[in-house]
Structure formats: C-alpha cells, structure tokens
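Below is one structure, written out as structure tokens; the observations come after it.
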Amino acid sequence: MKLHVRASGDGPDLVLLHGWGAHGGVWSSLLADLTPRFRAHVIDLPGHGFSAFVPFTDLDNAVDEVAAFVPSGAIVCGWSLGGLVAQRLAHRYPKQVKSLALVGSTPCFVERPDWPHAMKAETLAGFALGLRTDFEATLKTFVALNGMGGTNSRPAIRALADELLARGAPDPSALDRVLDVLRETDLREQVPTISQRTVVVHGKRDALAPIAAGRWLADWLPQAKLIEIEDAAHLPFITHREIFIGALEELRG
C-alpha cells in the first residue's frame, strides 16, 4: 500500500518521521526554513494522517513501508515513535540511511526490569484504555504531556493540538495497535550496530522519553553526538527550532 509522502525543497534528501498520534503536518512550521537547505520528504506513517488506511501491524512492517520512499543516502529524522522507525530503518536499510537525527527518541519506550529510563507500563495501559473509553480526552492528555515541564511549551502544545486533526480524526483502533508496538519494541541490542552518524536532540525535561534514554542512545550509538536542551520537553523541534535546524545542518556534509 502507498503511504502519503510530500517532497519539497532543494538539497540533500531529508526524511521526516513524526510521532504517535500525529502525522507529517507537525513539521509544517519548519518547512520554510528547511526546504532552502534540504529536499524534505514528509511521510505520514502507517495508521496515521493520510496513511491511516495502511496498517501499522508491527515495527518491521512500518519500516518496510517507509523504506520504499526513502532515497538512497538520505538523512532520516525521527521524532518519538518516528525515532524508533528511524533506528530500525538505519539497521535494516543501511544504504538508504546516510545519517540520523533522533528527536525525543529512545530505544525502548516502556520500562523493563533492566530499563528504568522509560514510561511505566501502567501509563501506557492507561492510554490504551482511554482510546477505547474517551478518545478525545486521551489525545488531549497526550498532547499536554508532550510539552509538560518545558518552557515556552504552551504555544507548541496549541500548535500540535491544532495540527493533529488537520488530516482527519485518527482511528482509535489503529493508534491502539501502535501502542502495542511501543510496548513490544526494544532496540537496545541493535543500537550499537547502527553505524551511521547521528545527532540525538533531547529535552532535559522530557516527560515521555526521559533524558536518560537520550543519553543512553548517545553513549551506545557508535557515531553519535548528544544535544541536550536544558528547558525543553518532548517538542524541541518546535520549541527550540533553531537548535534543531542547526543539528540537521551538522548532518549535511
């Protein structure tokens, strides 16, 4: 099945992958700055946005769907869930991925006995229950968590909330399945084998993917640089756009 992809701009290929419950529109406010520098490929992941009809059955299925639209030698930028897709894409399709930008990302979203740098399992279960019982309120809670703790987050939260429904209401059952993928996925064993140059952009006040997860990625990815943003939460690409764009610029060479 064909994903929704929009490409624009001139320069090195840059693939932008959004997070859970969102779609490619979350990057819209950045495109005016990015397209003079990059050829930006904005992809709606399976089960999201205009790709809602494409099932997100598991992580590898989603990666295979995305890989069909990734030019060889691209810079791949993934935010949150998109960061998981980007990591797995770099591992499985190394010739297509020249470098990575991981934003608010983690190798494993849910706590394990040996992995405390993550969301508690009961928190994720609460989101899953909320999708079935009060979908709209659950999405509002999730959007608020994206900015919780960060300075200058209110405008970013409003922008994200406004953008989420711009491509139609998400399908609760599709989002529920992606929560299962987040619960099941643990890429820690693969991370040390991802050899592409990487920038890890992470807010120190991230309430969804703790800063310790970003530090772990930077420690275990062989060619990674960590950019910690003191007062950012889970939306550094919106709240601290100049730092984010600067990080992408580092990968152009």
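Positions of Cβ are set from backbone N, Cα and C atoms, glycine also.
Any TrEMBL annotation is an automated prediction that lacks curation.
In three-state terms derived from DSSP, Ser80 (active site, nucleophile) belongs to neither a helical nor a strand segment and is classed as coil. Residues or ranges marked as active site, nucleophile in TrEMBL: Ser80.
Sequence-distant neighbours of Asp206 (active site) (same chain, 6+ residues apart, CB-CB distance under 8 A): Gly104, Gly149, Gly214, Ala232, Ala233, His234. Asp206 (active site) carries neither a helix nor a strand DSSP state and counts as coil. The active site annotation in TrEMBL covers Asp206 (among others).
Residues or ranges marked as active site by TrEMBL: His234 (among others). In three-state terms derived from DSSP, His234 (active site) belongs to neither a helical nor a strand segment and is classed as coil.
Shown in sequence order, His18, Gly19, Trp20, Val103, Gly104, Ser105, Leu208, Ala209, His234 are the residues of the chain, 6+ apart in sequence, with a C-beta less than 8 angstroms from the C-beta of Ser80 (active site, nucleophile). Sequence annotations record features per position, and here TrEMBL assigns substrate binding site to Trp20, Ser80, Leu81, His234.
Per TrEMBL, domain 'AB hydrolase-1' is recorded for 14-240.
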Might you list, by sequence position, any residue in that chain lying six or more from Leu81 (substrate binding site) with a Cβ less than 8 Å away from its Cβ? Leu17, His18, Gly19, Trp20, Leu45, Val178, Leu182
Trp20 (substrate binding site) in three-state DSSP notation: coil
For substrate, residues beyond Trp20, Ser80, Leu81, His234 with C-beta within 8 angstroms of the site's Cβ centre include exactly His18, Gly19, Gly21, Ala22, Trp79, Gly82, Gly83, Gly104, Asn146, Leu208, Ala209
Average the per-residue pLDDT over the domain 'AB hydrolase-1' (14-240) and send me the rounded value. 94
Longest inter-residue Cα distance for the substrate binders Trp20, Ser80, Leu81, His234, rounded to the nearest angstrom, is 12
